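I am attaching a structure below and will ask some questions about it afterwards.
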Ligand SMILES: Nc1nc(=O)c2c([nH]1)NC[C@@H]1CN(c3ccc(C(=O)N[C@@H](CCC(=O)O)C(=O)O)cc3)CN21
Ligand SMILES: CC(C)C(=O)C(=O)O
Ligand SMILES: [Mg+2]
């Protein structure tokens, strides 16, 4: 097993000009696959509310649900650092609640750090969680938990005033103790400017190539939903096609009666199966090809 990635590894990657690779994961199987593929960071994103639960926003996700997914991902991860998203309303009501909930993600979920959305207004919250020895990743720009405030999933920081505010928020988060910062849905020029001005790593999603790292939702990069195509998503595979194709092939064989075949069946010591449309002396489903239907099979004494 390679050495575990820590928040210190990530800082070193920025200092040496090497990119940070982050991807979301929601279960142990994907965590194992993405870790094996070379992820530095696995994010248990509250995007699970949309891609796993089927909601149209991340707002309904609860602390208990985040902890459940974090336990699965941390079991599957080997080398990668695992970050847990703090869900909507788990850190906004008070600094005390924020520290308690961040602590639950670490103690019960097993993650190495937490992420929360927001700027200077959460500097005190970030400082308090950091004081509790829990590293915090910030998240600025298009912050999905503020979908109603933003009026939709809209790119942020396009004009000079909005860009300056995001830069000031980034600097406030760095001062408050964040070890890294996600920049989502901002112009590439702003991504470059913030990356250049901060000593902590920036990890972009729709924030241009100059960021110190990049993150995508795993289901997006794998091409699992052909109907979700924001500009920042690149599909590196067509799992939608692979999955519908594979499952469709299974269903076709089930309907044709050609699955399960000999290789996938167990046998009795006292009974023998005979297909009703085959001669009892010949083997069961032999001669049935393609979508040709075979009749019911009967157990007869050996
Ligand atoms: N599958 C998935 N991928 C994500 O990246 C993601 C989620 N879910 N859920 C939580 C948030 C929501 N996200 C979104 C959702 C939609 C757009 C979107 O439609 N963007 C427009 C921007 C339009 C504009 O302002 O110009 C686009 O065309 O990119 C962006 C981010 C990012 N996060
Ligand atoms: C898109 C990333 C940054 C995220 O916050 C999530 O997946 O919830
Ligand atoms: Mg999130």
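Backbone N, Cα and C atoms are what each Cβ position is placed from, and that goes for glycine too.
Sharing the record's features from TrEMBL:
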ACT_SITE  184  active site, proton acceptor
BINDING   46, 47, 85, 115  3-methyl-2-oxobutanoate binding site
BINDING   46, 85, 117  Mg(2+) binding site
REGION    280-302  region 'Disordered'
Measure from each Cβ of the binding-site residues 46, 47, 85, 115 to the atoms of ligand 1 and list the residues where some distance is under 6 Å.
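Going through 46, 47, 85, 115 in sequence order, those close to ligand 1 turn out to be 47.
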Give the sequence-ordered set of same-chain residues, not counting 46, 85, 117, with Cβ within 8 Å of the centre of the Cβ atoms defining the Mg(2+) site.
45, 47, 58, 61, 86, 87, 88, 115, 116, 139, 144, 145
What recorded positions in 46, 85, 115, 117, 184 place CB under 6 Å from ligand 3?
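From 46, 85, 115, 117, 184, counting a Cβ under 6 Å from ligand 3 as near, the near ones are 46, 85.
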Could you find out if DSSP has residue 46 (3-methyl-2-oxobutanoate binding site) as helix, strand or coil?
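DSSP call for residue 46 (3-methyl-2-oxobutanoate binding site): coil, neither helix nor strand.
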Give the number of CB atoms, excluding that of residue 85 (3-methyl-2-oxobutanoate binding site) itself, located within 10 Å of its CB.
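Other Cβ atoms found within 10 Å: 30.
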I want to verify one value. Collapsing DSSP to three states, which class is residue 85 (3-methyl-2-oxobutanoate binding site)?
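Note: residue 85 (3-methyl-2-oxobutanoate binding site) is in a strand by DSSP.
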Express the distance between the Cα positions of residue 117 (Mg(2+) binding site) and residue 85 (3-methyl-2-oxobutanoate binding site) as a whole number of Å.
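Residue 85 (3-methyl-2-oxobutanoate binding site) has its Cα 9 Å from the Cα of residue 117 (Mg(2+) binding site).
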